[in-house]
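As recorded in TrEMBL:
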type     : residues : note
COMPBIAS : 1-11     : compositional bias 'Basic residues'
DOMAIN   : 124-271  : domain 'PROP1-like PPR'
REGION   : 1-29     : region 'Disordered'
REPEAT   : 102-136  : repeat 'PPR'
REPEAT   : 137-171  : repeat 'PPR'
REPEAT   : 172-206  : repeat 'PPR'
REPEAT   : 207-241  : repeat 'PPR'
REPEAT   : 464-498  : repeat 'PPR'
Amino acid sequence: MHSLHQYRHNRPFNPLSRKNSNSMKPVKKEVTDPKVYTRDIVWKIYRILKYSTWDSAREELEKLPIRWDSFTVNQVLKTHPPMEKAWLFFNWASRLRGFKHDQYTYTTMLDIFGEAGRISSMKHVFQQMQEKGIKIDSVTYTSLMHWLSNSGNIDEAIKIWEEMKSQGCSRTVVSYTAYMKILFNHDRLKEATDVFKEMLQSECPPNCYTYTILMEHLIKSEKCEEALEIFEQMQEAGVQPDKAACNILIQNCSKVGGPTAINRILHYMKENRLVLRHPVFVEALEALKCGGESDALLRQVHPHFSVDCNLRKEANDYTKVATDSSSDIDERLLFDLLKKGNLLAIDHLLLGIADKKIPLNHEILSSIIDVNCSQCRPDGALLAFDYSVKMGISMKRSKYLALIGLMIRSNLFSRILEVVEVMSKAGHSLEIYLASLIIYRLGRARQPTFAAKIFNILRDNHKCTATYTALISAYFSAGRVNKALGIFKIMREEGVSPALGTYNVLLGGLERKGRSSEADFFRKERKRLVAKHYPQGSACEKICNLLFAGDSC
């Protein structure tokens, strides 16, 4: 568990004593003798301990021409020889001339007993460390907590954590995360939450595994939406979920029946080229099937897995025909499948057509998007959208808007941005009302980053009172008050006049955060505006007042 770089040698050493070069004539064979590396010595000692009795092993160890240091002893212990022999070897080494055990060898021995469930022996080793004044760091304390918890001694594990704090031992992200996992595993939810808050306050940034522990607990509690919020937040904090995290999350989602969460994580995996382990893939496939969801995205991310699935049979037959036929036949096949309502087969057929880059009419793609949107199937709709982007096919504005609505309902915020970008390139505009509504909705979902990106895509004449106010509201919803006030300042600098709805948003956001003095300033500004009998003015200001009339305090 320790990092032992300080003990590493720059060059491999030869533990064999040199022979006197004058005692015999130089022989070519001796010049080319291979060097003996530390790892070879370590594995030789491991085999001696494993396959010999202790009496025989001790004799062989004493004959080895090596310099015994804590690094070598620790590496031997980490190979996990039989427990009794490991303990005998540990005590034998302590009697060697010039040798002294350190925190690393003690902690490894402690781990060996803990893993074997020999808690009393583990405590004895820890007591020896204390009596001999051996340095006890966060790694040792974390190991103790882990094994005590595994044996069911949760109260003792908590005492070790408190002792660690009282001794002034510096707690690391590993120790915080291990303790949180212990508390979650024993349903100490409040204590675990308090530890996480303490971790943040101590400026110890959570790592990927810390976030994974939190999300895993939420999913097991069937709070998949909250877990997905953390999944987004950790990325905003600069921590990217890794392959292990995605496997753990999807496996747990599959057990509790969370097909929406599975697809959200699969989208991330597709974008970052991550894959599931095969057993997890099979569990996810079964969960999607039971939930009546398409497995097309799962197969897109894992084209190398071949799993029997009766649902693919009809689609595969269609795909075989499609690859050998003209685009007219492809479209007729798709229309037939649409009439039958066989959307799963359409998904697989579209995948085959996309791979072969076979052109389709925009009308058939529009129909596929309409049907999938009406049945709340974001994966099927996005397959048609992705195909249109790949083939450079533009669609009507209404189809892009239908996709945006579906993405909002499905919480696929990154895909909303993609759709808006493609829509803008196709020459379609969101218009002020819809743009404001989308930015506001993203804010309510605590996705201010995506809201700002949508705002930046807008035409200059659409960056007006309503859209600026929506962006301010988005930052307030995410708790980023200073950023919201900064947007308001930019709005004024750009010559955009605030409306009553703008002041409603400012007052509501500031008072919710207890910033009364600033709220009083904007309340006076609002009263001046009302006193002037200020008309609603432009269409943008009317939209602003309509959308944010309910945010007044």
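Note: Cβ is positioned from N, Cα and C throughout, glycine not excepted.
For the repeat 'PPR' (172-206), the DSSP counts in helix, strand and coil order read 26 helix, 0 strand, 9 coil. Counting same-chain residues at least six beyond the ends of the repeat 'PPR' (137-171), those with a Cβ under 8 angstroms from any Cβ of the stretch are 1-2, 103, 106-107, 110-111, 113-115, 117, 119, 122, 126, 129, 178-179, 182, 185-186, 188, 202, 204.
Across the range of the repeat 'PPR' (207-241), the DSSP-based residue counts are 26 helix, 0 strand, 9 coil.
Sequence-distant neighbours of the repeat 'PPR' (464-498) (same chain, 6+ residues past either end, Cβ-Cβ under 8 Å): 432-433, 435-437, 439-440, 442-444, 446-448, 451-452, 455, 458, 505-506, 508-510, 512-513, 515, 518, 525, 529, 537-538, 540-541, 543-544, 547-548, 551. Here the repeat 'PPR' (172-206) has Cβ contacts under 8 Å with residues 138-139, 141-142, 145-146, 149, 154, 157, 161, 164, 213-214, 216-217, 234, 237, 239 of the same chain, all six or more residues outside its ends. Beyond the ends of the repeat 'PPR' (102-136), by six or more residues, the same chain brings 1-2, 4, 70-71, 73-74, 77-78, 80, 83, 86-87, 90, 93, 143-144, 146-148, 150-151, 153, 167, 169 to within a C-beta distance below 8 angstroms of the stretch. The repeat 'PPR' (464-498): residue composition by secondary structure is 26 helix, 0 strand, 9 coil, according to DSSP.
Residues of the repeat 'PPR' (137-171) grouped by DSSP class, helix first, strand second and coil last, total 26 helix, 0 strand, 9 coil.
The average pLDDT the prediction assigns to the domain 'PROP1-like PPR' (124-271) is 89.
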